[in-house]
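S.K.: What TrEMBL records for this protein is below:
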BINDING   HIS15, HIS25, HIS146, HIS164  heme b binding site
DOMAIN    1-183  domain 'NarG-like'
TRANSMEM  12-35  transmembrane segment
TRANSMEM  47-68  transmembrane segment
TRANSMEM  88-107  transmembrane segment
TRANSMEM  145-166  transmembrane segment
Amino acid sequence: MLDKKNMRLASNLFHIGIIGIFAGHFLGMLTPHWMYQSFLPIEYKQIMAMVGGGTCGVLMLIGGIMLLKRRLTNARVRATSSFGDIMILTLLVVQVALGLLTIPFSAQHMDGSEMMKLVAWAQAIVTFHGGASANLEGVALIFKLHIFLGMTIFLLFPFCRLVHIWSVPIEYLTRRYQIVRNRH
């Protein structure tokens, strides 16, 4: 990679954060309530979401800002960056910032009622039930902005570097050890 200074740290923070956020949203929003209601009260699920999501969000935000700074200020990296590269990374940083800003609003509804409205919306979207938007009535604007930007990123996904998700080098974990030497 071009200019490796702090690249490993930034990349690791960003990727650990985004994978944690994705997994948390996927499991937290799409797992039906009946599957966990006997052992996990909604209030505790919300606390887990706030703490886990907040932690992963901070990791992603720090890593994302570091990566964006590198992409904008390093001449060699900037020369190989397209407008789309910079735009999608900027949108991801803004999105995670919006997500972190939802935490104080979630803290105002520790009974989980607001969270369950968002869960109902997400499940209605994924299962193609009509009237999903009715679940968002009365939800704070910050959540709606977070959803809107998330859906925008979802639409941009096939047209930007986010498609590298589908080319994760899983075989890297099991390949034989390689020795890499300098040419000098």
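Residue numbers in this text run from 1 along the chain shown.
Using N, Cα and C of the backbone, Cβ positions are placed for all residues, glycine too.
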S.K.: Look at each of the binding-site residues, HIS15, HIS25, HIS146, HIS164, and point out the one with the fewest other Cβ atoms around it within 10 Å.
M.R.: HIS164
S.K.: Short question: which residues 6 or more past the ends of the transmembrane segment (12-35) have a Cβ under 8 Å from it?
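M.R.: Result: 42, 45, 48-49, 52-53, 55-64, 66-67, 92, 96, 99, 116, 118-119, 122-123, 126.
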S.K.: Averaging the per-residue pLDDT over the domain 'NarG-like' (1-183), what integer do you get?
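M.R.: So the average pLDDT across the domain 'NarG-like' (1-183) works out to 92.
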S.K.: Look up HIS146 (heme b binding site) in the DSSP assignment and reduce it to helix, strand or coil.
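M.R.: The residue in question, HIS146 (heme b binding site), is helix (DSSP, three-state).
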S.K.: What whole-number value in Å do you get for the largest C-alpha pair distance within HIS15, HIS25, HIS146, HIS164, the residues recorded as binding heme b?
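M.R.: Between the outermost Cα atoms of HIS15, HIS25, HIS146, HIS164, the distance is 23 Å.
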